[in-house]
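Here's the structure we're looking at; comments come further down.
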Amino acid sequence: MPTESASCSTARQAKQKRKSHSLSIRRTNSSEQERTGLPRDMLEGQDSKLPSSVRNTLLELFGQIEREFENLYIENLELRREIDTLNERLAAEGQAIDGAELSKGQLKTKASHSTSQLSQKLKTTYKASTSKIVSSFKTTTSRAACQLVKEYIGHRDGIWDVSVARTQPVVLGTASADHTALLWSIETGKCLVKYAGHVGSVNSIKFHPSEQLALTGIFPGNVFLFWPSLWQQISGEDEVECSDKDEPDLDGDVSSDCPTIRVPLTSLKSHQGVVIAADWLVGGKQAVTASWDRTANLYDVETSELVHSLTGHDQELTHCCTHPTQRLVVTSSRDTTFRLWDFRDPSIHSVNVFQGHTDTVTSAVFTVGDNVVSGSDDRTVKVWDLKNMRSPIATIRTDSAINRINVCVGQKIIALPHDNRQVRLFDMSGVRLARLPRSSRQGHRRMVCCSAWSEDHPVCNLFTCGFDRQAIGWNINIPALLQEK
């Protein structure tokens, strides 16, 4: 019996201890509840398995968050009252000035000074709170000014590059990871010519500035030169219409009935790695290529001979571009730099290195004037002046990595294709003009790889392509965008 009594006593003590501990937790939770304003029944009614110390810490953090939101709410109310007060002052002072018997000069001076002060204060107060409203207005404007016109569906893998012919007839060219390059009718969306014979992914396509020639850069290191003379020989019966349905037919190749060219006019061979990009120098007698072997090569197209090997980048090249009117080349690389190569003097080939990004420079392109525009995986686009390349004259910050950019030469509008499926338009000063519409029914469904402008075409003046295996033609109402800006 003494043993049983002792055990009962021990059990009662343990029970009282647990009860005391439970009451202690409840008192602690009650104090936290009062301090944070959380409902008491929510705190005590929950069967939490968290240790009391952890739970108390969480309650304290929630209380801090609530107090922070309260402060923001109060500050927002004060800002609204201040804006209303400033508006009333502006209106009242304007009426007082109009009614006063002041000379014309005094009236003008006082009104100008007062209005400018209040306007500046209103702008400063408004700036942060109106950004979302402005964005919503721009989205509405974008939908009205940017219209999807045609989808070009026929590739069986992602499309790396898109280009528009510079000679008649004007056609669209696409380069794909499915080992082919296709030519399309811009108006009808029909496949006209299929370039086969590539042994790997076709990473680039560029049309000759004055002749019916196309360069395609491929894996494992060759550049093919095609002569698309079939453009003018294809009858309507030979064209294959590509449907505008959401997904291409995976069971059949819609371009399989297109006239196919398998043997190129010539092949430019010197690279030891993937040719990621190619372009024509002004005049069209030479071509430049960029490769993963960290070099860019300059070729004589007529003889297929290597003229210069441009070395200096520390990592793989990502893009190359030539100036539209001068013998200048810009190359970009994963080493976070882009380089400007000058071939205007045959005896001197100078190079300048520019370090303006913190991640891979995905592309750098020229404008008609003296500007270079560079885009990077660091989510920025920078505009540079060739006369002073020490610092950019404009910086555009975005929310996603940027792929191959393109500049509308006449209007100086930059098209930015993003990893997050968006395509945005900016002017050269960094002001956002529009975002191309994208939904479940239109726009790209995967990463957008490239963009290309065609300013003279009446139907489509901007083309984009991506990993969703389609190219899209857009009609951009540029005057409307510039007017809204």
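Note that the numbers count up from 1, one per residue, in the order the chain is shown.
From the backbone N, Cα and C atoms, a Cβ is placed for every residue, glycine too.
TrEMBL labels come from automatic prediction, so no person has curated them.
Taken verbatim from TrEMBL:
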COILED    69-96  coiled coil
COMPBIAS  1-13  compositional bias 'Polar residues'
COMPBIAS  22-31  compositional bias 'Polar residues'
COMPBIAS  32-47  compositional bias 'Basic and acidic residues'
REGION    1-50  region 'Disordered'
REPEAT    152-194  repeat 'WD'
REPEAT    268-309  repeat 'WD'
REPEAT    310-351  repeat 'WD'
REPEAT    354-394  repeat 'WD'
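Across all of the repeat 'WD' (354-394), the predicted model scores a mean pLDDT of 93. Using DSSP to sort the residues of the repeat 'WD' (268-309) gives these counts of helix, strand and coil: 0 helix, 24 strand, 18 coil. Tertiary neighbourhood of the repeat 'WD' (354-394): same-chain residues 318-319, 321-325, 328, 330-334, 336-340, 400-407, 409, 412, 414, 416, 426, 428-430, selected by CB-CB distance under 8 Å and a gap of 6+ residues from either end.
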